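All remarks here apply to the structure that follows.
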């Protein structure tokens, strides 16, 4: 029995199978989860997550400045810094020859 071109021993057309596989794989990826996923809902969730991330970043950035605000008097700190600088200047004058 002569072997026919492009056919397997069982008589299956290899070209036909290749075409079917190519068609199936081309369409399969987009529709595999199509019934399970609402694209609009996912986009909305992604936008909400991005907004929350931005909000959290802003909140933590602002939080650093206000974390100790109730405990620290800026005027008092300036006064202490001025006193420390004055003492430093006095001490450096004593030891110069």
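Just so it is clear, glycine is given a Cβ too, placed from its N, Cα and C backbone atoms.
As annotated by Swiss-Prot, compositional bias 'Polar residues' applies to 1-42 (among others).
The region 'Disordered' annotation in Swiss-Prot covers 1-97.
If you look up Swiss-Prot, you'll see 43-63 (among others) marked as compositional bias 'Low complexity'.
Taken from Swiss-Prot, the feature compositional bias 'Polar residues' covers 69-78 (among others).
Taken from Swiss-Prot, the feature compositional bias 'Low complexity' applies to 79-91 (among others). When the compositional bias 'Low complexity' (79-91) is classified with DSSP, helix, strand and coil residues number 13 helix, 0 strand, 0 coil.
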Secondary structure composition of the compositional bias 'Low complexity' (43-63) [DSSP: H/G/I, E/B, coil]: 21 helix, 0 strand, 0 coil
